[in-house]
Amino acid sequence: MPPPPPPPFSSLPVDENQKATEFRVFSISKPHMLAFHLAWLSLFSCFFSTFSIPPLLPIIRADLNLTDADIGHAGIASFAGSIFSRLAMGPVCDLLGPRIASATLSLLTAPIVLATSLVSSPQSFILIRFLLGFSLANFVANQFWMSSMFSTNVVGLANGVAAGWANMGAGLTQLVMPFLYNILIKYFNIVPFTAWRVIFIVPATFQVITAIMVLVYGQDFPTGNYKKGRTQYTKQTQEENLLRILFRGLRNYRGWILALTYGYCFGVELTTDNVIAQYFYDRFDVDLQLAGTIAASFGMANLFSRPIGGVISDKMGKRFGMRGRLWGLWVVQTVAGLLCVLLGRINSLWGSIVVMCGFSVFVQAASGLTFGVVPFVSQRSLGVISGMTGSGGTVGAVVTQLFLFSGSKFSKQTSISLMGIMMIVCTLPITLIYFPQWGGMLCGPSFDLEKAIEDYHLLE
């Protein structure tokens, strides 16, 4: 049988579902690679907005008279805001398509970013951080979009690069926001307590621009937008209501295990983004801009580290099947946990920076490996499984922030080491994931392969 023809205007080879079987990162060909670039850029703007506050915390803390407890509660609030929004975003993508879901969320949260300049009390600061967290639900649309555009042999890579490049927004903002703050003070003679407020115009505007680009240039599926290009999967999905889609996904135990795993790779990454600049500022007595630069190196590693996780997942999957994907995830995340433990034990500035960089590579690669498994869990409720896993990331961040970095009796360095131990322990349930037709980490597939495949599709 000759391969199916590519969709109109596409230069990539495709499978029987018109999904691209190659990933060409420097291409902008429609519809696959253009969707990729719109997806990561839109999510990038959301990460940039959400994490634009932490690098300015020393100034905001002085302006609003924030206590350590206020800052800790605000950090929890920023993650809590995205828990339910991520869970809801999955079914919304199943019903409306990722393009509308992504752009609508960005447009709704952009005014909240701008409203950050108006906060005047600890209570309003905590509320703003809670509302800003909703924008991170765009991550679910990002991963859903990539899983809809790219075939199984490259979906891990596509998911990893799209999310990894987007996550760089959390690192770049650590550089940009202090830089803009210093520019306003030095060249425009704006007083410090006004300067930090003015620059929130930048992330708000950026978020609006990327949302409009998604609406104008984006395409939901290889065959067209949601209403024009329904695949067999989307036809099945539309016939079902929101609750049926949601409950089918919630009954899948694999989704819950991946949510826990993601809670202690991506959730740890979020927590680290929230505390790392202040950690270096307070512990090693560096200035605001240097602390921001060090913190930026943690987030900017997403340029290559999360994509590497996707590549490892695809390579392991090609050679060893699903067992390879699961083993790769367990090994990489366990190493990340060990490096996190070590980070809290080192007392020198340069030693901490080196270990932090190694830790960032492994923890972000583990996130890419996690979403190398997600597309295989359930075709009928892909959005729900993506939402569950994404929500698990923010739940992990909330729990970690609450118990270790919000008025904890432990020092920050001890809390970081304890966070690493939690990562190691919460990675162990990966051994329980089993697919009847592919097997799991510790055992092979079912002996009756045809019945296993039939049962799997009936259940999923």
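In case you wondered, yes, glycine gets a Cβ from its N, Cα and C as well.
TrEMBL annotations:
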type: DOMAIN; residues: 35-432; note: domain 'Major facilitator superfamily (MFS) profile'
type: TRANSMEM; residues: 34-57; note: transmembrane segment
type: TRANSMEM; residues: 69-88; note: transmembrane segment
type: TRANSMEM; residues: 100-119; note: transmembrane segment
type: TRANSMEM; residues: 126-145; note: transmembrane segment
type: TRANSMEM; residues: 165-184; note: transmembrane segment
type: TRANSMEM; residues: 196-218; note: transmembrane segment
type: TRANSMEM; residues: 288-305; note: transmembrane segment
type: TRANSMEM; residues: 326-346; note: transmembrane segment
type: TRANSMEM; residues: 352-377; note: transmembrane segment
type: TRANSMEM; residues: 384-404; note: transmembrane segment
type: TRANSMEM; residues: 416-435; note: transmembrane segment
Criterion met for the transmembrane segment (100-119) and the transmembrane segment (34-57) (at least three Cβ pairs under 8 Å): yes
Feature contact check the transmembrane segment (384-404) with the transmembrane segment (69-88), CB under 8 Å, 3 or more pairs: yes
Same-chain residues near the transmembrane segment (126-145), Cβ under 8 Å, at least 6 residues beyond its ends: 35, 39-40, 42-43, 46-47, 49-50, 53, 70, 73-75, 77-82, 85-86, 88-90, 93, 98-99, 101-102, 105-106, 108-109, 112-113, 115-116, 119, 159, 162-163, 166, 207, 220, 371, 374, 382-383, 386-387, 390, 393-394
Candidate ranges 165-184, 288-305, 416-435 - greatest C-beta contact count to the transmembrane segment (352-377) (under 8 angstroms): 288-305
Contact set, same chain, for the transmembrane segment (416-435): CB under 8 Å, 6 or more residues outside the stretch: 253-254, 257-258, 260-261, 263-265, 268, 271, 279, 322, 326, 329-330, 333-334, 336-345, 363, 373, 376, 396, 400, 404, 410, 441-443, 445, 456
Overall pLDDT of the domain 'Major facilitator superfamily (MFS) profile' (35-432), taken as the mean: 87
